[in-house]
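Enquirer: Sharing the feature lines straight out of TrEMBL:
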- 40-61: transmembrane segment (TRANSMEM)
- 96-117: transmembrane segment (TRANSMEM)
- 129-150: transmembrane segment (TRANSMEM)
- 156-178: transmembrane segment (TRANSMEM)
- 199-225: transmembrane segment (TRANSMEM)
- 237-255: transmembrane segment (TRANSMEM)
- 267-285: transmembrane segment (TRANSMEM)
- 324-342: transmembrane segment (TRANSMEM)
- 392-412: transmembrane segment (TRANSMEM)
- 432-452: transmembrane segment (TRANSMEM)
Amino acid sequence: MQRRIRNRQEERFASCLCGSASCLLSSCCPSTYNSTISRLAFSFLLLLGTLVSIIMILPGMEENLKKIPGFCVGGSSIIGIENKVNCDIIVGYKSVYRMCFAMACFFFLFSIIMIRVRSSKDPRAAIQNGFWFFKFLVLVGITVGAFFIPDGDFNTVWYYFGMVGSFIFIIIQLILLIDFAHSWNQSWLEKAEEGNTKCWFAALLSVTFINYALAFTAIVLFYIFYTQLDDCTEHKVFISLNFIFCIIVSIVSILPKVQEAQPTSGLLQASLISLYTMYVTWSAMSNNPNRKCNPSLLSLVQSSSPTPAPGPTSAPGTTQWWDAQGIVGLIIFLFCTLYASIRSSNNAQVNRLMQTEEGQGLTASEEAPAEEDGVRRAVDNEEDGVTYSYSFFHFSLFLASLYIMMTLTNWYKPDTDYHAMQTSMPAVWVKISSSWIGLGLYLWTLVAPLVLPDRDFS
């Protein structure tokens, strides 16, 4: 019976997304005010734009992108402007920037519209939770318009917007990972208390050990491949500092006073945060323009150099944007985006940081009474108050659009004459400083109940 009810609700929601005008303009969509479904739908739009961006930088796609009028050498759609650039390299970069610019504008617009929406009684809540077909049309319209933006200073200005937005989003990703680790640890501890204690504690120990083993292995590899005896001082400092910081937060997480204030804190969370910190450190070092210190620098960077790149190379006629850290970053991004859409946390500190409340979902017995046909309809679960900040959620997706733009282009930017790509140390410092701030936030979640004992952090 429950499966049949769920299937009918999913079919109706699918019909809403498919764009039936009568459904979109009325209340026939049963999950119109279900916060989780709304978040998933917006995340789907973000992931759809991400997929399009990935397709645009696949090797060989530059030949098709060159055909866009005015987008490359000999273009005629913009009168009086001829783009004398290396199209094989630049068109994929430009396409990703314009696609992500459109997504960023779309989500920033909704972030402004949804400011101070307190409950589903606000008329703007209907825009948040419905009209999906029209919202999709708006996104498509902005995207089409973005491809006709002339170069000028657009790419340079948007590059710096991307750096700032990505800096903030890396911290948000770490907050989400902290929340995920807390929920994970709490769930397994509860199962250990219910029964089969040895099995669940063994699972916790195994996962923690694997995380620390991967983090330590990463540190060793960083010293081998990203440092030189007489060079790469910055990398040595980055690796050593983050190694020390990870040891500190790991020790703090199991201090008796911290355990007393937060019984569910432990090494599982610290190990996951340490592993993510090592990823951010790797990502930062991969943007160092010094090839001696960065063997993973892609061949499209400074491609006119007579010295062949030690990193990945491309076949003739194609451009290779992918590298290992970019793929890992994309996977983490997808996980965090989906988790942010479905999360229902009881971690008060993380909820304050993410502008959410403790999970309030639909319960079949209390909030979804059966109607005459025996089907329980999804009902308004935000009539008294929203379960998350609509505006902050869209702002997070706005930042996510900037982050995916920088990740897919490896934080590279074109040189002054648009003949090759280049990277710079500011990108390195943005990433590494975000890892330090993220570790500081995690440390604060551990010690806050001790520093401010009068505050309720339960």
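Heads up, residue numbers simply count up from 1 along the chain you see.
Cβ atoms here come from the backbone N, Cα and C positions, even for glycine.
Predicted automatically and left uncurated, TrEMBL annotations should be read as such.
Describe the structural context of these features.
Expert: For the transmembrane segment (199-225), the list of distant contacts is 185, 188-189, 191-192, 235-236, 239, 243, 246, 266-268, 271-272, 274-275, 277-279, 281-282, 285, 295: same-chain residues at least six beyond its ends, Cβ to Cβ under 8 Å.
Distant neighbours of the transmembrane segment (267-285): 170, 173-174, 177-178, 180-182, 184-185, 188, 204, 207-209, 211-212, 214-215, 218-219, 222, 226, 235, 238-239, 242, 245-246, 249-250, 253-254, 293-294, 325, 328-329, 332, 427-429, 431-432, 434-435, 438-439, 442; these residues of the same chain sit at least 6 beyond its ends, with a Cβ under 8 Å from one of its Cβ atoms.
For the transmembrane segment (392-412), the residues of the chain that approach it from at least six positions outside its boundaries are 39, 42-43, 46, 49-50, 53-54, 57, 93, 96-97, 100-101, 103-104, 107-108, 110-111, 114, 158, 161-166, 168-170, 172, 286-287, 298, 300-301, 321, 323, 326, 329-330, 333, 337, 340, 354-355, 421-423, 427, 431, judged by C-beta separation under 8 angstroms.
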Enquirer: With the transmembrane segment (129-150) as the reference, find which of 40-61, 156-178, 432-452 contributes the most Cβ pairs under 8 Å.
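Expert: Looking at each of 40-61, 156-178, 432-452 in turn, the most contacts to the transmembrane segment (129-150) are made by 40-61.
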Enquirer: Between the stretches 40-61, 96-117, 156-178, which one has more Cβ pairs under 8 Å with the transmembrane segment (324-342) than any other?
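Expert: The stretch I would name here is 40-61.
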Enquirer: By a Cβ-Cβ criterion of under 8 Å, what residues six or more beyond either terminus of the transmembrane segment (96-117) are in contact with it?
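Expert: Same-chain contacts beyond the ends: 42, 45-46, 49, 52-53, 56-57, 124-125, 127-128, 138-139, 142-143, 145-147, 149, 154-155, 158, 162, 165, 386, 390-392, 394-395, 397-398, 400-402, 404-405, 408-409.
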Enquirer: Are there residues at least 6 beyond the ends of the transmembrane segment (156-178) whose Cβ is under 8 Å from a Cβ of it, and what are they?
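Expert: Distant contacts of the transmembrane segment (156-178): 97, 100-101, 104, 269, 272-273, 276, 280, 332-333, 336, 339-340, 343, 347, 350, 353-354, 396, 398-403, 405-407, 411, 413, 426-427, 430-431, 433-435, 437-438, 441-442, 445.
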